[in-house]
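A.B. asks: This is the structure I have questions about; it appears just below.
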Amino acid sequence: MFLSIAATSFDIKSLILATVVVSVIGLLIGLFLGLASKKLEVPVDEKEAKVRELLPGANCGGCGYAGCDACAKAIANQEAAADVCPVASSDIHVEIAKLMGSSVDTTEKQVAYVKCAGTCDKAKKNSNYYGPKDCKLAAGIGGNGSKGCSYGCMGFGSCVKVCAFDAIHIVDGIALVDKEKCTACGMCVAECPINIIEMVPKKAKTLVACSSLDKGKDVKPVCSTGCIGCKLCTKACQFDAIHVENNLAKIDYSKCTNCGACVKVCPVKVIQQQSA
């Protein structure tokens, strides 16, 4: 019995000793790591940290940098403009500019716009496409998916996949942008292989929903709402704001008053008037 009590006492002492040793080792390791982190710490530029706080944190890459951290560093090092972030509001751009001792252009906000109205009922098909549902791959194969118009939206949604803000969706065979959600990051513009998405002023109400450079006689057989280059819009505009270039009507938004005269005379209804 005496031996049993002695063994139990020895086990408790061993356990306490082991606990103390482990605790001391842990404390020493913690102190060492703390000192090492201080010694090896990379100093963060104060301006860079403040710029990073102002940036929205979307990490969308629309600025051309890997993310908001890289963007903040570029701005702090004066390698990028104060308004390089397309997601940040004009007020944030001004705040960053003040911090950097610079100025920014406070022009109106822009949004992405898909220049195509060739929905399923308006755009004619010239084939059955069975390839990958990816716009770039389809464009690389040749043709334009199953659509007869080589300038029309394929509707495979590559632009939808790259949008980090849920601002663009495929509706009735074509991509449509939600102006209220669009941040003008430009990712969809860069992704579109046939370049039919462009940035337009957010306040613009009058828009040409077509990208075709084909002559009218070639447009009509493939799309009932494609621009035929008739120039009736040009004649109707009193402000010299719309002209036909390379068979396609184009609007000068600096002159357009959204009077709607061109919309009324367009025979194929390719010029649309939307709510601002």
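Heads up, the Cβ atoms here are built off N, Cα and C, so glycines get one too.
Marked as region 'Hydrophobic' by TrEMBL: 1-37. The transmembrane segment annotation in TrEMBL covers 12-33. Taken from TrEMBL, the feature domain '4Fe-4S' covers 43-102. Per TrEMBL, [4Fe-4S] cluster 1 binding site is recorded for CYS60, CYS63, CYS68, CYS85. Per TrEMBL, the feature [4Fe-4S] cluster 2 binding site maps to CYS149, CYS153, CYS159, CYS192. Here TrEMBL flags CYS163, CYS182, CYS185, CYS188 as [4Fe-4S] cluster 3 binding site. According to TrEMBL, the domain '4Fe-4S ferredoxin-type' annotation covers 173-202, 219-246, 247-276.
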A.B. asks: When you scan the chain for residues with a C-beta under 8 Å from the domain '4Fe-4S ferredoxin-type' (247-276), skipping those not six or more beyond its ends, what do you find?
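C.D. replies: Sequence-distant neighbours of the domain '4Fe-4S ferredoxin-type' (247-276): 117, 200-216, 219, 224-230, 232-241.
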A.B. asks: Among the binding-site residues listed here, CYS85, CYS149, which has the most company in the form of other Cβ atoms within 10 Å of its Cβ?
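C.D. replies: Going through CYS85, CYS149 one by one, the largest Cβ count within 10 Å is at CYS85.
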A.B. asks: Given a Cβ distance threshold of under 8 angstroms, which distant residues of the chain, six or more beyond its ends, lie next to the domain '4Fe-4S ferredoxin-type' (219-246)?
C.D. replies: 117-118, 122-124, 126, 147-149, 152, 208-210, 212-213, 252-253, 255-257, 259, 261-262, 264-271
A.B. asks: Measuring Cα to Cα, how far is CYS192 ([4Fe-4S] cluster 2 binding site) from CYS163 ([4Fe-4S] cluster 3 binding site) in Å?
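C.D. replies: That comes out at 12 Å between the alpha carbons.
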A.B. asks: Work out, from DSSP, the number of helix, strand and coil residues along the domain '4Fe-4S ferredoxin-type' (173-202).
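C.D. replies: The composition, in the requested order, is 5 helix, 9 strand, 16 coil.
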A.B. asks: Please work out the number of neighbouring Cβ atoms within 10 Å of the Cβ of CYS159 ([4Fe-4S] cluster 2 binding site), leaving out its own Cβ.
C.D. replies: 25
A.B. asks: If you skip the near sequence neighbours and keep only those at least six away, which residues in the chain come within under 8 angstroms of CYS60 ([4Fe-4S] cluster 1 binding site), Cβ to Cβ?
C.D. replies: VAL87, ALA164, PHE165, THR183, CYS185, MET187
A.B. asks: Please compute the mean pLDDT of the model over the domain '4Fe-4S ferredoxin-type' (173-202).
C.D. replies: 94
A.B. asks: Whole-number Å distance between the CA of CYS159 ([4Fe-4S] cluster 2 binding site) and the CA of CYS68 ([4Fe-4S] cluster 1 binding site)?
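C.D. replies: Here the two Cα atoms lie 21 Å apart.
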